[in-house]
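Here is what Swiss-Prot records for this protein:
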BINDING   112, 113, 114, 115, 116, 117, 118  ATP binding site
């Protein structure tokens with residue numbers, strides 16, 4: 001049946017998931033437009049591709065659109081959404097549009113509380129190295145591709161599946177990975193962990209009867225749902241009973257070296273892997289890609305090449321290099337999206353392994369008052385693992401403030417715990433200057449959070465380079 005959809009408008013096009021879908025549809029030949037509340041590098045990149053972008057929301061922006069796609073961050077009273085409904089233009093949630101894209105290819109969906117973006121990127125890289133030319137939509141920039149989405153010519157599409165709003169239940173993959181299940185985004189599930197686990201079972205049952213579930217049995221909640229999963233399953237992890245298992249794990253110069261043992265009914269040789277990512281959590285992410293490769297009969301050589309040449313993902317342990325410290329030496333800057341205590345603990349451990357013996361400075365912007373409230377004690381414990389801490393006010397992400405779940409309360413709790421004396425920087429715009437004052441020679445600075453702190457490393461680099469240039473000019477006079 002010939003449809004009449006030619007022009008698709010995205011409300012909130014600056015988000016990682018939205019921009020990726022928009023780019024793939026643009027490359028499929030659709031006329032794409034979009035708007036976002038603020039300007040960003042993403043908007044500018046999309047404009048460079050020929051996509052009409054707007055800063056701010058207005059009813060006029062949807063002129064000529066045959067469908068309007070919305071992100072979960074967009075409210076129902078958004079002027080573009082209201083105008084679309086008034087004109088009887090279909091308003092489509094992001095996940096439904098992603099599901100439409102997946103209908104035309106063999107879908108591989110990556111779900112889980114933590115590690116989705118890196119795992120999706122690793123799986124994509126393995127398929128690309130094997131010559132399968134996948135389409136992908138990722139929640140972060142795949143550095144080797146310079147983008148978070150690409151329209152491939154192959155049979156597969158690799159996507160992140162978002163459980164935060166239960167929208168992953170719209171997808172119909174033929175293969176699904178579950179990296180872990182954790183108590184995050186609990187408001188979506190009525191603060192009922194059983195409902196959250198049930199949603200993951202339902203997600204796996206969105207696959208056809210022949211679909212393959214690839215799950216990490218190191219996650220207790222994943223292990224708990226296994227008896228309910230009525231699909232073929234491959235397990236992975238460090239656990240002795242995992243069918244794809246990592247042994248002899250060691251960190252070397254920012255990479256992970258380990259042996260993969262595979263035992264899912266067929267005879268496979270052990271694989272000695274070099275993964276160009278730090279941290280044991282990334283070893284687990286890589287194991288899921290091994291399981292996908294086994295299912296698709298990808299050669300071990302392609303798998304090993306993909307892991308060793310992996311160039312990482314934007315804002316996932318992203319290195320900004322060495323910057324001049326105030327005491328005359330230099331410090332290393334790393335940017336990371338981690339914003340849940342479990343993610344932060346894994347990233348801090350990875351930093352310890354990659355930079356043994358060095359002082360670890362954590363600059364952290366909490367994300368959402370509800371998460372800060374629900375995970376307050378865990379935040380205190382994990383933040384205290386750093387040697388020095390700079391803490392900002394909570395990035396609200398549209399939420400109203402919650403009493404005793406703000407940045408100052410977290411700073412006070414850290415002081416009471418006595419493990420670290422935090423420097424509280426209320427305005428994130430002042431964080432680069434505070435970092436410059438506190439960073440010493442040999443430090444490793446980790447900027448972490450899912451909010452506006454993502455712009456801090458770039459601004460810090462710009463500020464210190466400007467200061468260095470001014471100093472050189474002053475010395476020359």
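Just so it is clear, glycine is given a Cβ too, placed from its N, Cα and C backbone atoms.
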Number of other Cβ atoms within 10 Å of the Cβ of residue 118 (ATP binding site) across all protein chains: 29
Listed in sequence order, residues not in 112, 113, 114, 115, 116, 117, 118 with Cβ within 8 Å of the centre of the ATP site Cβ atoms: 110, 119, 179, 180, 285, 343
Cβ contacts of residue 113 (ATP binding site) (under 8 Å, same chain, 6 or more positions away): 163, 179, 180, 181, 182, 184, 340, 342
Proximal but sequence-remote residues of the same chain as residue 115 (ATP binding site) (Cβ under 8 Å, at least 6 apart): 179, 180, 281, 282, 284, 285
Protein Cβ atoms within 10 Å of residue 112 (ATP binding site), excluding its own: 24
Winner by Cβ contact number (other Cβ atoms within 10 Å) across the binding-site residues 114, 116: 116
Where residue 117 (ATP binding site) falls in three-state DSSP terms: helix
Three-class DSSP secondary structure - residue 112 (ATP binding site): coil
Long-range Cβ environment of residue 117 (ATP binding site), under 8 Å and at least 6 residues apart: 138, 139, 140, 160, 313, 316, 337
